[in-house]
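Taken verbatim from Swiss-Prot:
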{"type": "ACT_SITE", "residues": "Ser25", "note": "active site, schiff-base intermediate with substrate"}
{"type": "ACT_SITE", "residues": "Tyr58", "note": "active site, proton donor"}
{"type": "BINDING", "residues": "Thr57, Gly73, Ala74, Ala75", "note": "substrate binding site"}
{"type": "MOD_RES", "residues": "Ser25", "note": "pyruvic acid (Ser)"}
Amino acid sequence: MFRTMMNGKIHRATVTEANLNYVGSITIDSAILEAVDMLPNEKVQIVNNNNGARIETYIIPGEPGSGVICLNGAAARHVQVGDVVIIMSYGMFTDEEAKTHEPKIVVLDEKNHIEMILPEEKAHTTL
């Protein structure tokens, strides 16, 4: 049996752009992607802390160090510039792999620079 587990998480990213006329996706600073082991074209779930919206799309890498978090296409309808979002990727793991898997989690500051890297998500963690 395989279980779907969180593999990477970008916590408290601030939306820098929303481009309705682009052909879908989310553009993410590639330095952030590297820190959480996310790849171009990988499916991600985005949760908007401001309005509760949950959407899925795929990743386009942005300029490293730019701090870009841009929702494109229809996804742009679910955010405003300045909204705080959580971006998560998932992987399929066997039961044995799932028991030892540790997702990569980063917490960003208000300019989308990595503020801290968490080794794993603890229950009831408040940032």
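Sequential numbering from 1, following the chain as shown.
Every residue, even glycine, has its Cβ placed from backbone N, Cα and C.
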The residue listed as 'active site, proton donor' versus recorded positions Ser25, Ala74, Ala75 - nearest by Cα: Ser25
Neighbours of Thr57, Gly73, Ala74, Ala75 excl. site residues, C-beta within 8 Å of centre, substrate: Gly24, Ser25, Ile26, Ile55, Leu71, Asn72, Ala76, Arg77, His78
Pairwise Cα distance for Gly73 (substrate binding site)/Ser25 (active site, schiff-base intermediate with substrate) [Å, integer]: 7
Cβ-based isolation winner (fewest other Cβ atoms within 10 Å) among the binding-site residues Ala74, Ala75: Ala74
Inter-residue C-alpha distance, Thr57 (substrate binding site) and Ser25 (active site, schiff-base intermediate with substrate) (nearest angstrom): 5
Recorded substrate site residues Thr57, Gly73, Ala74, Ala75, farthest C-alpha pair in Å: 10
Integer Cα-Cα distance in angstrom, Ala74 (substrate binding site) to Ser25 (active site, schiff-base intermediate with substrate): 9
Cβ neighbours within the same chain of the residue listed as 'active site, schiff-base intermediate with substrate' - under 8 Å, at least six residues apart: Thr57, Tyr58, Ile59, Ile60, Asn72, Gly73, Ala75
Mapped DSSP class for the residue listed as 'active site, schiff-base intermediate with substrate', helix or strand or coil: coil
